[in-house]
Structure formats: C-alpha cells, structure tokens
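Taken verbatim from Swiss-Prot:
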- 1-23: signal peptide (SIGNAL)
- C26-C37: disulfide bond (DISULFID)
- 33-155: domain 'C-type lectin' (DOMAIN)
- C54-C154: disulfide bond (DISULFID)
- E127, N142, D143: Ca(2+) binding site (BINDING)
- C129-C146: disulfide bond (DISULFID)
Amino acid sequence: MWQFTVVSLGWLAVFLSLSGAKGNSCPASWISRNGVCNKLFPDRKTWLEAEMYCRALKPGGHLASLHKDSDSTVLAWYISDHFKGAGHVWIGLRDTNKKRSWKWSDRTSTNYFSWNQGEPNNVQDNENCVHLWAPSGYLKWNDEPCASLHPFICQYKL
C-alpha cells in the first residue's frame, strides 16, 4: 500500500511541475522581497493611475509598500541595476486626508519612513504622494504632487 502512496505522490509532483505550479515564487520578470513580488513599470503615470494599474494587474496588487531598510535597499538595487535613468519612482504612500497622515495603499502599517532631508515639505500645500527620490539612489523618499507623472513599482503578496 505504501508503494501506491509513494507512486501517487510522485505522479502528483510531476503533474504539478508540468502544469507550471511554482508555489511561493514570483514570475520571471518580478523580484521577490519579504513575501511579496515587485515589478517596476517604466510607463509614466499619475500616482492614482499607477495604483489603479497595479490593482488591475494582479489580485491584491498595489503600489509597493516599504517597512524596513532592507525593503528600501532591495528596491533601490533593482531600480538602479535594471532601469537606468528611470527618474523618480512612485511607491504606495500618500496623505489621503491632506493632514500629513501618511498611509500605504495596501493598508499595511505605516511603521517605517525614509524621508530625504527636509522632507516631507508639502510645497504649495500640494504634495500628498510619495516617490523614491532618484538622486538618493532610490533610498530616500520625497513628497510630490499626485498628478506628477513617474514610473512606478507594483507589488502583490505571494
């Protein structure tokens, strides 16, 4: 009986591998980071257009949220290595109520910030969305008008 079980499990493994089941891995064009998959899109969109694009792309998709230095480092390396000259890049942080109360679009906790020196400065009371600041090597954040056009990083949970 145990031979039947072993053979059955073997066939199941073959079937799953042939059917493309990958378990907990990201698609080839995405990078894996702390249980999420990320991909940079070079198309320039407003913050809201980028967020809507990410939501439509994958179930549970949103602009990227960052929760520790290692998250910032991984994404900075990815952008710098693969998309030279991309400019600033939208992430999922914004001040929806315009009260300097920053929230992630995926509703995860806002427990980490990596603002560039002097930021957020809310120039002309109109900077309510956040991008990775290119001159910092994508490690620091800057607040920006949400209508600005930038490339963006989507993410979804594995």
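Glycine is treated like the rest: Cβ placed from N, Cα and C.
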Spatial neighbours, same chain, of C154 (disulfide bond) - Cβ under 8 Å, 6+ residues apart | N38, K39, F41, A50, Y53, C54, L57, K58, G61, H62, L63, A64
Which of E127, D143, all binding-site residues, has a Cβ with the fewest other Cβ atoms inside 10 Å | E127
Which number gives the other C-beta atoms within 10 angstroms of the C-beta of C129 (disulfide bond), all protein chains shown included?
-> 27
Sort out for me which one of C26, C37, C54, C146 has the most neighbouring CB atoms within 10 A, since those are the disulfide-bonded residues we care about.
-> C54
Close to D143 (Ca(2+) binding site), taking Cα pairs within 10 Å and only the disulfide-bonded residues C26, C37, C129, are C129
Can you grab the distance from E127 (Ca(2+) binding site) over to C146 (disulfide bond)? Cα atoms, rounded to a whole Å.
-> 7
